[in-house]
């Protein structure tokens, strides 16, 4: 059977020539985890199933830098590579795939122009079209408050999930479950789902969110945002049935190295590639 | 020397990087004449059946000649599916018919499985008796490989199936007959196991 994927994510600051991996996006104390090429190689050697490179600056003028990083990474890394941040046109997908990437993730650009998903999937194939959804809980008093929203029951009460853009700084009022289904219809091959409530907290993924989106679509869903220990990844697989789990900070600085996480998951009955 | 056909399918860099990594020289070309001179020929592929058959039109003749000459040939992913006669993905479009049979949509009864079949799956040689030994998966018959596809090959002659994976049922992973090899998975994205498979392919004697 197919295995669950453990996916290290490198948040890349491209303001320096070779890029650098940022740990945590808190404003006060930015820590640098290292060079993206070196870290990607390290995670590949350790058995990462896939690697995500996110351009956190998401700036058009740094496209060439990102392309160079992808070219350098894929020279020695032979697992799938997904690129996110700053993908706005079909030409951006093509550029990144030619540099050696396998998938591109769009977020804000897909919300502003949903046709991008249709166009890109026709040109590069659905397997290369990942849509990133950043969702945040909006609590409501009862399960019937909004007719056009999918209300989910959580341990903290009823809520729906609002889709955010620009890395969680703006909210669209779009129901994330409806949006995920629309992405699938338009040709997305995968959803990279980040909880804006949990991102950076280390309290664990938003399992209710992950399960709700995963149940609503037939394409694979990757859980993201909030992982602090291997047990959180186990929850994403066991309870929410996510296809993959993305994590950043736990892998940097060897808090929980990839092999240790995969051994833990395997020992707990998850089908894992070791 | 390995020749990889560039018919505009995008990511060929990973394939040439894989060959470099195992110290094998490879060339990527869109010139049918150069393809005709290949010793080892690789047909890569991502995308859709209708589109690949249209794109490889200029190479069909030289591919068939290469195969008929008994020289090693490797089809990867959609490059495997193109070897069949037809596909449910593009009714009416003819495949290369190097393997007689059809490419079918992966069944997903009651929405039990995620589609596409995307991720690492293990070659299954225990539940499904291998029909034959196959040089390219020699020594790696129990390994994990990276798959991403929604259609699968159903050759008329099941004897050509040299490897399967479980995804709801036994899905064709490797086809092999004489000098023709094909994998549904992407060896260039399958880590050390994929590199070993490519090494097996290039170290076969011509």
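Numbers run from 1 along the shown chain.
Note: Cβ is positioned from N, Cα and C throughout, glycine not excepted.
A TrEMBL annotation is a machine prediction, not a hand-curated record.
Note that the structure is predicted; figures quoted are calculated from it, not measured.
For B:77, the entry in TrEMBL reads active site, nucleophile. Under the DSSP three-state reduction, residue B:77 (active site, nucleophile) is assigned to coil, being neither helix nor strand. If you take the C-beta of residue B:77 (active site, nucleophile) and look for same-chain residues 6 or more apart in sequence within under 8 angstroms, you find B:44, B:45, B:46, B:148, B:149, B:183, B:184, B:185, B:186.
The active site feature in TrEMBL is assigned to B:186 (among others). All protein chains shown were included, and the count of other CB atoms within 10 Å of the CB of residue B:186 (active site) stands at 26.
The active site annotation in TrEMBL covers B:188 (among others). Of all Cβ atoms in the shown protein chains, 30 besides its own fall within 10 Å of the Cβ of residue B:188 (active site).
Annotated domain 'Glutamine amidotransferase' per TrEMBL: B:4-202, in sequence order.
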DSSP-derived structure type at residue B:188 (active site), helix or strand or else coil: helix
Looking only at the domain 'Glutamine amidotransferase' (B:4-202), mean pLDDT returns 92
